[in-house]
């Protein structure tokens, strides 16, 4: 039985991780975020009530769960407090069940200013960031000039460090990007106001998780974004600024990698992407590509970013990119989400290879974005189904064509589909193998 489960996205994010984490945390004691920031958007629907979380782990709606934000997460105190407020208004005791690593890098207003100024300066070559300061905060961390949560509790030292780093960044804002500088006094005052609010939630995450492991507590690690957005393994440079893959769990939480158990890869029954970057199986982007099936996927699937509200680009399932995600993450099993969105389509396609300009046929996706751009997808066609799969809770409720589609994805990837999601609510799910019982 696996006590430690990793849940991560295998595509370009927005795969439906939040729902699955919420579902599986019925059996968990801890849910841990280990990378990213409030650029994530995890949507939960429980008894018809919708909750969107960006920074707080998706287990917060479970009374039995303690939630942890690990050191690999870049933390905006302002965003965190704004996210906590409506949850507390609903009677959820967030401060009693949410804990934060003192080593989390802080996102402060100058990071946001830098992020937005850079995107504007890039023009039509913009990466498509959320503009929330994620990348600049990670840059400060790597350059060893970043401020961390633990720094908030020494006002004198914090003020000195802040002054130095803001002089550095304001110089770039004014002289390179030609925008207004960020006020040091305002940032300092705001940051100091966070110290008293956060102090009760700050813990030694590594020690807490190790003690939990020794007790036999069940721990779930919740990934944000998706494998193909990983800073090292994604479609660089159209990626996020953190390691979204299974390898990021240990580094971003301080939990020993040898203790990780089942790794669940969340994948949509089709593909979506938000923002810029290559997308070989793309059908619809709302601009140049207007394939009606792609539009159907976006409309029926409600494909708008939970964080940005941006229209998601849509396309067919890509087994080639999935094979790369499986290699990187050593998946134990997959969860196929939004199967019901395919209802009513007469014909389905699965990308089984990339035809490259040099005549070669790739069965595993390349690393660089440039190589992705030149790939022409090779499709295998399968019959669709007219029956309604929405809300199905057993395999017996699925039409044979849907079962064939699921089986074909398993055959093409070599990984079992252990969970099938047929709707947004936590109970609209078919669980073949439970990760905590695998």
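Numbering starts at 1 and runs along the chain as displayed.
Here the Cβ of each residue, glycine as well, is placed from N, Cα and C on the backbone.
What Swiss-Prot records for this protein:
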- 14: active site, proton acceptor (ACT_SITE)
- 42: active site, proton donor (ACT_SITE)
- 14, 15, 16, 17, 39, 40, 41, 42, 130, 144, 225, 240, 310: IMP binding site (BINDING)
- 14, 41: Mg(2+) binding site (BINDING)
- 306, 307, 308, 309, 310, 311, 312: substrate binding site (BINDING)
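When the Cα atoms are compared, residue 310 (IMP binding site) and residue 42 (active site, proton donor) turn out to be 15 Å apart.
Neighbours of residue 16 (IMP binding site) among the binding-site residues 309, 311, 312, defined as a Cα within 10 Å of its Cα, are absent: none qualifies.
Of 14, 130, 309, 311, 312, all annotated as recorded positions, the residue with the shortest Cα distance to residue 42 (active site, proton donor) is 14. For residue 225 (IMP binding site), the same-chain residues lying six or more positions away in sequence with a CB closer than 8 A to its CB are 9, 12, 13, 35, 36, 39, 40, 240, 242, 244.
Here the candidates are the recorded positions 14, 309, 311, 312. The one whose C-alpha lies nearest to that of residue 130 (IMP binding site) is 309.
Listed recorded positions near residue 41 (IMP binding site): 14 (candidates 14, 311, 312; Cα-Cα distance within 10 Å). Looking at 42, 310, 312, the recorded positions in this record, the fewest other C-beta atoms within 10 angstroms of the C-beta turn up around 310. A straight line from the CA of residue 311 (substrate binding site) to the CA of residue 14 (active site, proton acceptor) spans 12 Å. All chains included, 19 other C-beta atoms sit within 10 angstroms of the C-beta of residue 16 (IMP binding site).
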